[in-house]
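Q: Have a look at this one.
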Amino acid sequence: MNVALHELGGGGSMVEYKRAKLRDEESPEITVEGRATRDSLEVGFQKRTRQLFGSHTQLELVLAGLILVLAALLLGCLVALWVHRDPAHSTCVTEACIRVAGKILESLDRGVSPCQDFYQFSCGGWIRRNPLPNGRSRWNTFNSLWDQNQAILKHLLENTTFNSSSEAERKTRSFYLSCLQSERIEKLGAKPLRDLIDKIGGWNITGPWDEDSFMDVLKAVAGTYRATPFFTVYVSADSKSSNSNIIQVDQSGLFLPSRDYYLNRTANEKVLTAYLDYMVELGVLLGGQPTSTREQMQQVLELEIQLANITVPQDQRRDEEKIYHKMSISELQALAPAVDWLEFLSFLLSPLELGDSEPVVVYGTEYLQQVSELINRTEPSILNNYLIWNLVQKTTSSLDQRFETAQEKLLETLYGTKKSCTPRWQTCISNTDDALGFALGSLFVKATFDRQSKEIAEGMINEIRSAFEETLGDLVWMDEKTRLAAKEKADAIYDMIGFPDFILEPKELDDVYDGYEVSEDSFFQNMLNLYNFSAKVMADQLRKPPSRDQWSMTPQTVNAYYLPTKNEIVFPAGILQAPFYAHNHPKALNFGGIGVVMGHELTHAFDDQGREYDKEGNLRPWWQNESLTAFQNHTACMEEQYSQYQVNGERLNGLQTLGENIADNGGLKAAYNAYKAWLRKHGEEQPLPAVGLTNHQLFFVGFAQVWCSVRTPESSHEGLVTDPHSPARFRVLGTLSNSRDFLRHFGCPVGSPMNPGQLCEVW
């Protein structure tokens, strides 16, 4: 799918919180588990005073009264001193604590009971104060933080004193500046793409074309310019032999976010109409005649609908053992003869020499077989139009404003966005991140990243890993052999924090982008050079073993991931910031924020897909049958639970989101257990002022407020049919309604919405 069609971010502000009085019910002084409270001290003092009074003279009573007053003053001083010294009975009044307390209070909705709807309780205030910005289909913590990171990068790249010893960093600035040259881009108009189409052999929609050029056009579009018509080809670690890279082929070729948009035509009629109008408008902008262009684009759309029909839904592709098929190129040729695979792959991976025996991993043999049949029965003119349309999709974001305006109309229908107000610089930062993300990351890390954060994050990961492994020991459904192997896998998980080391070594960084030519004069040509360069990088990887230095996210990215073939978890510098993490925030918030993210990624090693990989990152069956059956029974509970949730009357797909739901639930539990272990070692923290929450409760509020989010109905629908994650609301409600710790600390009775009675637990 075109990069520009991915979700757009935005900005907003927090709401001033009108304080509600929850303190009587949940004051840290009263609800702390098992400790003496201020009330109990007062009761004890009153009992002692009664014993002092009896039948005595007036003088004795006066003296006794004076003694009692003095004793009371002395005891008050002692109590005050004790409270001051004991952090569990004092309040944190540092500037950081006051600021974060204010933000938490602004986000809360105290008009809602936490046992009724914890998401609304935690995020209601935030939602009221954060309407969707224009041009955005969703707005959340991740978008806000990415906006902040982009502003930092803008400052770094536009600094007039910019001076770097790294050629890669200089290329990054040149690329960014070329993207900002709106006047030149407008002056060139559609000419750069029209010239490229003519160079490839023409397009039936805009002029003459070579009728015998299917393979040549396929090689150019999918090879030189890295579009993905019909299928996608890439080089990556072999899932069953993770120490080596291998050619991999998978299904692809749809422009809209999901096959559902093509096949459920009644529900998506507006989207399909808007998509066809978009196709026609771009065809006309490139020189086509309106009537002829509409007729031919309708044929291309019908071809995409046929592709959607044979595309396997994501929820049916979760078992990689079943969809992984290793074969030779000659076997692939027999499976899908419409493409000359040796010719195509040899071109794609030039200058490597490939033979018929070269191994290839195919994900979805049935799809490739059917797509081959579809190619063979489709008219050459339609095939040509479809191939060039894929090239057009790939490149129009580098053209003038007319193409962007056409896309905005499609985005409004598809995602519910209004006219975009995204400034050009922000678009250019995103493009630069896509093209030279690690060179950009070098600038970002040197300007912003605190090395101490990396050390603290390392410590947190180890604490969360230990907590997860303790949970393994408590599982009654897992046999000892599988349990031991699971613990070994958890021990072997490799963590990467902040950034790969090579980005701070100028020569190593320059080597990564060696061969990529960048000019400040032509943004379009820079993008073409990037596609060609990425194809060469892919070819270079095939004969090399996978490297841990190859990250799948840039350092400035606000996200994290687990990679099963390396058995590694990665946390870029971009996410190691508030509200996920801050060194001067309470540990309850850090464990509830970045700690849950860490636990989430670690648990992915043991979700329904990650569990298929062993500690070395190889896809193989290492579970005993009885434990596997028990695991599947537990995950079935979670699948059914999430399938009951609805957004705007539309149900979640509990199977599609299963892996992420397992990770959310397991990550929360591991992070909370790690927080409890930290408290046992270091003692209670000072509570935040005014929030009226124990630190245990604060952990869960911190977790929930990370997911405060607003979204258009159209974007919500898109998420339900494409996203492996549950919607933000149910990432909170689903996870916490399965947490015994949450239910205990908030006292939610069985039968309340947050405590339906049946808990689904996997890890």
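Every residue, even glycine, has its Cβ placed from backbone N, Cα and C.
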Q: According to Swiss-Prot, His600, His604 bind Zn(2+); identify which of Glu520, Glu660, Glu684 is listed for that same site.
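A: Swiss-Prot lists His600, His604 binding Zn(2+), and from Glu520, Glu660, Glu684 it also lists Glu660.
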Q: According to DSSP, which of helix, strand or coil covers Asp664 (active site, proton donor)?
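A: SS state of Asp664 (active site, proton donor) = helix.
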Q: Taking the Cβ of Cys708 (disulfide bond) as the centre, how many other Cβ atoms fall within a 10 Å radius?
A: 23
Q: Under DSSP, is Asn625 (N-linked glycosylation site) helix, strand or coil?
A: helix
Q: What's the CA to CA span in angstrom from Cys123 (disulfide bond) over to His604 (Zn(2+) binding site)?
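A: Here the two Cα atoms lie 26 Å apart.
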Q: List, in sequence order, the residues of the same chain other than His600, His604, Glu660 whose Cβ lies within 8 Å of the centroid of the Cβ atoms of the recorded Zn(2+) site.
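A: The answer, listed by sequence position, is Tyr562, Glu601, Thr603, Asp607, Gly659, Ile662, Ala663, Asp664, Gly666, Gly667.
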Q: Just name the winner among Asn376, Asn532 (the glycosylation sites) by count of other CB atoms within 10 A of its CB.
A: Asn532
Q: Across the topological domain 'Cytoplasmic' (1-60), what does the pLDDT come to on average, as a whole number?
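A: Average per-residue pLDDT within the topological domain 'Cytoplasmic' (1-60): 28.
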Q: Rank the recorded positions Glu660, Asp664 by the number of other Cβ atoms within 10 Å of each Cβ, and give the residue at the low end.
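A: The recorded positions Glu660, Asp664 were compared, and Glu660 has the fewest Cβ atoms within 10 Å.
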Q: Would you identify which of the disulfide-bonded residues Cys115, Cys123, Cys179, Cys637 has the most other C-beta atoms lying within 10 angstroms of its C-beta?
A: Cys123
